[in-house]
């Protein structure tokens with residue numbers, strides 16, 4: 001009987017998650033001629049509901065075009081299956097005689113795989129392939145999707161800094177990131193010199209204090225005549241609460257099914273605008289929410305990111321042959337290598353940005369932070385220096 | 001005595017305003033060997049204060065690198081000179097023996113030139129060279145800066161639509177534009193098919209009604225399972241007030257020196273989120289403010305836009321030789337041609353998006369709208385179609 005591979009995509013889309021899906025599908029077809037490759041629509045929902053696209057039947061050139069397209073072509077889901085839901089997924093996998101299930105996603109997705117594996121016994125290989133713009137997977141040097149998103153953020157902040165050299169003022173750009181600050185830190189990867197923005201970086205890993213924030217901006221304005229700020233959506237107050245929760249009027253707060261406050265860039269933007277209007281009166285200020293813009297822009301897909309994502313998908317088929325596990329991107333001598341790591345190393349855990357990526361006494365990248373980002377996000381543009 | 005050209009940049013920066021500045025500087029040097037080309041820092045402020053960079057001394061390759069850099073390399077200003085300020089500018093121009101003053105900007109900038117010309121008499125040639133992402137200059141088919149900004153917006157909405165095919169919900173992207181909807185309409189230039197977002201477009205030229213907005217979204221959700229919305233910052237209520245003014249609590253409103261309410265994308269985003277939370281309860285919704293991101297992104301500078309901006313700068317020197325006026329980009333047989341038009345045709349006026357660019361009964365582009373945008377913004381990407 002031919003082998004059957006089930007592939008699904010979970011969590012927030014990225015610029016290159018389709019590379020991983022297509023890499024896995026084509027590698028399965030190459031190594032196992034005649035195999036079935038079923039793409040489940042909308043993540044594990046498709047398995048539960050028997051809703052598949054047969055990737056075995058897709059022409060290779062059509063798949064390669066999909067690979068180069070951002071967002072999850074199979075659809076995605078944010079479902080976190082409970083025990084009963086897991087049983088339905090396992091039933092679904094058995095109904096199609098699945099030999100392996102490859103689930104592409106972040107730490108929630110790998111958590112689902114660990115639970116399914118424990119519930120299923122050993123008949124099916126459960127594989128997690130990494131994907132997240134947050135770059136927050138344990139055991140990974142970086143994750144597919146981060147480089148493209150990081151380039152968007154680096155390019156945007158380089159450009160906004162040039163804009164504010166021409167018309168000085170305060171700019172705050174709010175960048176996705178609930179628990180990890182990597183993507184927000186990428187804002188500083190392409191600073192031109194010590195005078196360049198972003199001048200201040202606020203990430204979830206370091207408590208945000210209003211008085212300190214206002215002082216930081218005042219000092220930067222005095223020094224450079226402008227102030228460019230990058231803030232993570234998930235920045236927290238010293239009490240550990242998300243800033244949105246702390247600053248938003250309570251009738252506006254929304255909670256998800258898990259009781260987590262819904263992080264809205266808009267609420268944070270509004271709160272930040274309020275702080276600037278109160279404490280920095282009369283200064284020209286602008287707050288923008290990048291939101292979904294960096295995570296899958298068709299105009300900014302990084303080639304290294306795309307290639308690594310494709311190779312991670314191919315390697316997932318090797319991990320399936322080895323009985324399952326999580327595909328990890330690790331660093332060795334400056335090169336990215338793929339390794340198999342246990343699902344439980346990644347499942348449900350968050351890799352925070354190391355504290356030493358920021359300067360101890362300033363909200364700016366440290367040498368370590370620059371070094372890490374320069375390896376992943378080498379500067380792509382060398383603009384001429386303005387005359388002001 | 002050698003000729004002296006003064007060049008300045010006004011208003012919001014764009015991706016290609018430096019092309020125009022460098023085009024003018026190099027053309028002046030080519031046509032008038034030995035001439036002086038003075039770049040005024042921060043617009044007319046630099047003339048008032050005698051603050052110049054000598055562009056005659058800059059090596060050509062350095063200037064060409066500046067040309068390829070977004071934002072205004074000389075600095076810019078939003079000053080609207082009154083009679084006394086104008087007198088100081090004229091004094092400044094006379095102090096450097098200016099033969100021509102080329103001011104690159106939008107309708108406010110051309111307005112300044114018209115006032116200066118009337119006050120100066122005929123000794124100096126006053127030239128306006130066009131620039132604005134708003135695309136709202138009378139007598140112009142389109143304006144330098146619009147194509148690059150439009151591509152950013154088109155690419156972003158194409159990408160966000162792919163994102164929401166994978167994880168359905170409501171998305172509102174708020175795009176700059178106080179009086180003209182061209183840039184917001186560009187969101188639909190790269191729709192893949194009738195099913196694609198943005199599904200709804202709201203521009204300043206058509207009154208925004210909350211009930212209609214909510215109905216539009218409900219109908220789109222029923223039809224497509226997702227709803228992608230593009231809104232201009234300057235959308236107005238049926239009473240003619242800006243929506244920000246209508247919807248924002250009054251202690252939060254800010255006014256500029258002219259008594260205009262300060263348009264903040266964040267305030268509008270907050271108001272829109274509020275509408276969605278109240279009238280479309282339980283739907284996944286996200287609102288982002290694009291803000292300054294489209295107007296000068298170093299990663300998305302369109303080559304046609306860059307070339308046209310450079311040629312507009314060169315042509316400004318010809319217009320100076322003819323005694324002054326405004327450079328206009330006009331269309332002739334599908335090609336862009338440069339013409340001289342009177343300053344007063346452009347000065348202080350707004351070209352609105354024609355009403356027939358939208359369908360009469362739907363907030364979507366009409367054939368006319370698509371036709372216009374397709375000429376300026378041919379689709380750059382052909383993504384694979386998702387499986388969902």
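Here, residue 1 is simply the first one shown, and the rest follow in order.
From the backbone N, Cα and C atoms, a Cβ is placed for every residue, glycine too.
These figures come from a predicted structure and were not determined experimentally.
Residue B:134 (active site, proton acceptor) carries neither a helix nor a strand DSSP state and counts as coil. Every protein chain shown contributes to the tally, and the Cβ of residue B:134 (active site, proton acceptor) ends up with 28 other Cβ atoms within 10 Å. Per TrEMBL, the feature active site, proton acceptor maps to B:134.
The Cβ of residue B:12 (diphosphate binding site) lies under 8 Å from the Cβ of B:76, B:106, B:132, B:133, B:295, each of which sits 6+ residues away along the same chain. Mapped onto three states, the DSSP output places residue B:12 (diphosphate binding site) in coil. Annotated diphosphate binding site per TrEMBL: B:12, in sequence order.
Taking a C-beta cut-off of under 8 Å and a sequence gap of six or more, residue B:107 (Mg(2+) binding site) has these contacts in its own chain: B:132, B:136, B:137, B:138, B:346, B:347, B:348, B:349, B:350. The Mg(2+) binding site feature in TrEMBL is assigned to B:107.
The substrate binding site annotation in TrEMBL covers B:132, B:133, B:134, B:176, B:177, B:178, B:233, B:292, B:293, B:294, B:295. Within 10 Å of the C-beta of residue B:233 (substrate binding site) we count 25 further C-beta atoms, all protein chains included. A coil conformation is recorded for residue B:233 (substrate binding site) in the three-state DSSP classification, outside any helix or strand.
The domain 'Phosphofructokinase' annotation in TrEMBL covers B:6-298.
DSSP assigns residue B:108 (site 'Important for catalytic activity and substrate specificity') to a helix. The annotation site 'Important for catalytic activity and substrate specificity' is assigned in TrEMBL to B:108.
Annotation source TrEMBL lists site 'Important for catalytic activity' at B:131.
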Report summary line: Span of the recorded substrate site, as the biggest CA-CA distance among B:132, B:133, B:134, B:176, B:177, B:178, B:233, B:292, B:293, B:294, B:295 in Å, is 16
Query raised in the report: Hey, which of the recorded positions B:108, B:131, B:177, B:295 is the loneliest by Cβ count within 10 Å?
Result: B:108
Query raised in the report: When each of the recorded positions B:12, B:107, B:108, B:131, B:134 is checked against chain A, which show a C-beta distance below 8 angstroms?
Result: B:12
**Report entry** Pairwise Cα distance for residue B:233 (substrate binding site)/residue B:131 (site 'Important for catalytic activity') [Å, integer]
**Finding:** 20
Query raised in the report: For residue B:131 (site 'Important for catalytic activity') and residue B:293 (substrate binding site), what Cα-Cα distance in Å is obtained after rounding to a whole number?
Result: 17
Query raised in the report: Which one is it: of the recorded positions B:134, B:177, B:293, whose Cα lies the shortest distance from the Cα of residue B:108 (site 'Important for catalytic activity and substrate specificity')?
Result: B:134
Report task. Would you count the other CB atoms within 10 A of the CB of residue B:132 (substrate binding site), including those on all shown protein chains? Result -> 28
